[in-house]
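Quick look at what TrEMBL annotates:
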| type | residues | note |
| --- | --- | --- |
| BINDING | GLY528, GLN529, THR530, GLY531, SER532, GLY533, LYS534, THR535 | ATP binding site |
| COILED | 131-330 | coiled coil |
| COILED | 373-435 | coiled coil |
| DOMAIN | 442-777 | domain 'Kinesin motor' |
| REGION | 1-29 | region 'Disordered' |
Amino acid sequence: MSLRSRTNPPRSPLNKKENLDEGRADKRRKVAVGKMVGATSNLRSRPVLSVVNAGATAGAGDPAAADGANGGVGIEFSSREDVERLLNEKMKGKNKNDFKGKSEQMMEYIKKLRACIKWLTEQEDGNLMEMEKLRNLLDSEEKNHAEIAAQLRNTNEELNSTIEELRKQLATLEEKYRKEEAEKMGAIRSCEEEKEARLAAESRCNALSAELDKAGHEAKRLNDQIKMLQETNKRLQEYNTSLQQYNSNLQADAQKNGEAISKLQKEKNAMMETLNGLRDHVNSVKNQLDISRASQQEASKQKEELKKELNCFRNELQQVRDDRDHQLNQVQCLMAEIVKYKELTGKSALELDNATSKTNALEEACSSQRDIIKTLKLQLAAANEKLKMADLTAMETMSENEEKKKMLKDLQDRLADAEQQISEGEKLRKKLHNTILELKGNIRVFCRVRPLLPDGENNGVEGAALSYPTSTEYLGRGIDLMHNSQKYSFTFDKVFDQDASQEDVFVEISQLVQSALDGYKVCIFAYGQTGSGKTYTMMGKPDFLEQKGLIPRSLEQIFQASQSLLSQGWRFKMQASMLEIYNETIRDLLNPNRSGSQDTGASKYLIKHDANGNTHVSDLTVVDVCSINEVSFLLRQAAQSRSVGKTQMNEQSSRSHFVFTLRISGVNESTDQQVQGVLNLIDLAGSERLAKSGSTGDRLKETQAINKSLSCLSDVIFSIAKKEDHVPFRNSKLTYLLQPCLGGDSKTLMFVNISPEASSTGESICSLRFAARVNACEIGVPRRQTQMRTLDSRLSYG
């Protein structure tokens, strides 16, 4: 397939100028010679040379004839056959020793030759004169035709201006018709008159076009070269118009996309600054909230301690009150006893004094108890005041906490909105970036760094070998690699570090996979050295949800999207095929007759490309699939059949190139629109160095075949990058199979996988350099395959 896209700028026809001049000269010669022959045949009628071979005899017997031969008058030539007959004449008669007779015969033959030469000279002079006349006639006809063409162009322009004026008048009449209902019939009549005038103008234009065709036929009859000049002029005008339109579209799109990207970049920077400010404010609010919570907890602790102390004071006060009441009861009892003693027994004054002294002691004790109670009441009042102050402080702290919680929630909402705006801006940036890449026709390249293996020997060295730029321009797109104390910087469409998950990688290509349902050809392939994580990126571990690769995730999205489009009237039919290229031999991984890793040998898998850029492999098994479960079963079957081996660099090294193809045919029942998309997902075998892999025997042959096919892929990429006329797609089965993907009709994305170990930096630099060349290749704008459904296809879809 041609490397130049059909939507690229048209090829200039000016490079055919030399051939055009040569063709013009050749055609003039042919026309002149043809007319020269006709003219010479009509100049004068001459008798045919009847007997040429008998000229010698006639010359000897007839002196008049001999004199005519000597003068060159008696012999006449009328055609090329007479000349050829004279040249083919053989000497007859005469003995070998008759030198005089032979000399006379030779003299007669020489006279005939002189007469022939004279006749040819006269014919040449007549032909030259006729050619000059024809050239003058051709020049005059060319001038006349140019004048007629100019007159017709002027007439055409006048008719176009007249038609444009008529259109303006028609628009004016239609506007009056809408505004004034009463003048509707008059406006209609005016419109009809204008239409009649337009038809008359068009008929006049057609008549002039007929005259132009007639003049063109006349000019063609005179000279076909004029038509070639017209076609060349037309091609130049079309080329100039299409080139101007193409350039204007490209400049407008590039300017719009550049302005949108710069605007989005400014908004993103402003949002990032706002986001950073909000984060700082949220952190400060969180710190204040933590301090408030700590103070609230401290106040609660003090409140509890005050409550405990207050309870102790209350218990002590109650105990003192109980002691006072008990002592008052004792005093009353004693006073009653004193009164009783005084009344009944009349004891002595000594006992009375003793009782009085006891009573005074009890009263002093009661007084001291009253002082203690008064002190405790004061302490209790102070404790109550402290408790009220603590309650007020707690209420203020709680209100401040509520306000800060509201402020924190508001900040979190604003932060979420800002993050959503940033996410939407990033989606828009990706969409615009994809649009720019599609307009440029470049192959998109993603770089993924494999995580360090748990049992690796160089753990912890990755930071010294790889780094990622933090500037806004190259964030997420740049990667720096150190090798032999020298820094190498590369920039791609996206760079995934060793912490990127399978989900993160798939999110970036989900829109590209979705375009296969829209009728585009999509190709995604993984490239890199052996053990760099290509198979994990493409296949992953399908049995684990988080570790599924791009192939199972892409198929899940395709089937989910096709189901969601059922409500819009779309119905899809999907067919899957899987093959591997092992030692430059194609193997069918879904062949039911396949035993082990070998095919039956009866099938010849030939790669064929049709005129529409579709690729087919003869005898390859193609399976209709309706669900992700069916495709998962086929993937497991293919994984068991694929060629895998062990080397010193990789325990499970892929020894072949794996190609998964999903053909999608869709039809919309309501609009009769048809789309045909293709999704190619390719896991290339890894490049190896024999010194490191230690391959021998069959592994050595496999390594040589893998490196050869990858070298052919590199040659193809170099030829495309240099825009060479010949691209060596047929040098290997892999490049010939990828020809449509690299030729311009497909959306192509390449994953370059690299290892993070410092010992692999040499291979990583080679892979990244190759990926940079791939990213610079312009293969043309992808073309969507869509058409309206025919009656037969309607019947086939049911």
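Cβ atoms are placed via backbone N, Cα and C, with glycine included.
Listed in sequence order, GLY686, SER687, GLU688, ASN753, ILE754, SER755, SER760, GLU763, SER764, CYS766, SER767 are the same-chain residues at least 6 apart in sequence whose CB falls under 8 Å from the CB of GLN529 (ATP binding site).
In sequence order, LYS534, GLY686, SER687, PHE751, VAL752, ASN753, ILE754, SER767 are the residues of the chain that are 6 or more apart from GLY528 (ATP binding site) and have a CB within less than 8 Å of its CB.
Mean per-residue pLDDT, taken over the coiled coil (131-330), amounts to 77. Listed binding-site residues: SER532, THR535. The one with the lowest count of other Cβ atoms within 10 Å of its Cβ is THR535.
The secondary structure of SER532 (ATP binding site), as reduced to three states from DSSP, is coil rather than helix or strand. There are 22 other Cβ atoms within 10 Å of the Cβ belonging to THR530 (ATP binding site). In this view, LYS534 (ATP binding site) is surrounded by 27 other Cβ atoms within 10 Å of its Cβ, with every protein chain counted. Around the Cβ of GLY531 (ATP binding site), 23 further Cβ atoms fall within 10 Å across all displayed protein chains.
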